[in-house]
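One structure is given below, encoded as structure tokens.
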Amino acid sequence: MLDINRIVQNPEELLSTLQKRGVVSSDIEAKIKSVSEKQRILKLEVEELRAERNRVSKEIGIQKSQGKDITEISNSMKGVGDRIKSIEEELTKEEESLHELNLGLPNLLDPSVPEGKSEEDNVLIRQWGEIPKLSFEAKTHFDIGEKLGIFDFERGVKLSGARFYTYRGLGAKLERSLMNLMLDTHTSENGYEEMWVPVLVNDESMTATGQLPKFAEDFYRLEKDGLNLIPTAEVPLTNYYRDEIIQEKELPISVCAHTSCFRREAGSYGRDTRGLVRVHQFQKVELVKFVEPEKSGEAHEKMLQDAESILQKLKLPYRVMLLCSKDMSSASSKTYDIEVWMPGLGRFMEISSVSNFKDYQARRGKIRYKSKEGKNLLVHTLNGSGLAIGRTLAAVIENYQSEDGTFQIPDVLKPYIR
């Protein structure tokens, strides 16, 4: 959700963002200007009528005190009151129309975001670690896991359908160990407060973080209850402060949570149909920050390093990519992807997205802070995966595999395995 006054005063900024994102923008600017101008005229008219009503009310009081007949002047005021009511109703409709239009607009792009058409245009920022040179043909994590009996995809399908799975024994222990490593690192070393949050949220929450109204087909909904299964803990963590005013001295606020995440993965059929890469239910540790606007750029870089720290502890090779304009989520102003090397798949795989939303989500969710000067201002929100646990486990198996079809456990995880 954008600052409409800013858009009206500088429409080129929005048009540039829409063009770079590949959004059809032929009439968006005209609609915003038309509705905004109509609002301005209606507000002016209602202010003039209210001023007239106040003036006449004073005149009625004077004439009444003088014993004069006020019937005619009182009758004239009834029409003014009816007109004010009519304009206020029309104004409410225009405000709702503008609000709905604004909800569908993407975030303005940060100036540093490269223009591009696809992931091929993303920019490499850095690469960490050496890609392992195996003396044998690398196997995939799902082949290794199934052979060792720590994954069971067949029974996952039996229980729930395609893109579901189960862990057994060491598989379940490794998932739990990775979760604990991530939470311990982020809370003890990276400065986050751990939270526990619901995985079912209302529509207001999904709207504030940008999933609604645009991406309703991408998540699971409990229609009878009016609740939605979260696609990421970003939703409840960010909405924790929805409709609230935070004191400036409390900022920055850094929180993290481990949750199950649920995604329909609509439109992804045929891609990564095997293994832990693209599934309907998975575990993830999420990082969220609330900061003052002038500090969000620095906070973004710090959050990126926090997510990277997990891969460095696990000694997994990865690269950081700055996403181009058409490969970003519509709510993000700037996004980095962390991609881990997967020997079995023979490619890098996204394992974390770290995004700066600036005031886009805060405006939708009315998340503000009171400055030292006493002004209520919008915070900037950021979030990132720290990390997706199933994908991290897949990367561990593929990078630590042996020729005999087994794999080693990273040293940093051994204290967590009992």
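Any Cβ shown, glycine's included, is placed from N, Cα and C.
Residues Arg263, Arg264, Glu265, Glu350, Ile351, Ser352, Ser353 are given by Swiss-Prot as ATP binders; from Val255, Val279, that same site also lists Val279. Binding-site extent for L-serine: residues Thr232, Ala233, Glu234, Glu286, Ser385, maximum pairwise Cα distance 9 Å (rounded to the nearest whole number). The binding-site residues considered are Ala233, Val279, Ile351; of these, Val279 has the fewest other C-beta atoms within 10 angstroms of its C-beta. Checked against Glu265 (ATP binding site), the binding-site residues Thr232, Ala233, Glu234, Glu286, Ser385 differ in C-alpha distance, with Thr232 being the nearest. Classification of Ser353 (ATP binding site) by DSSP places it within a strand.
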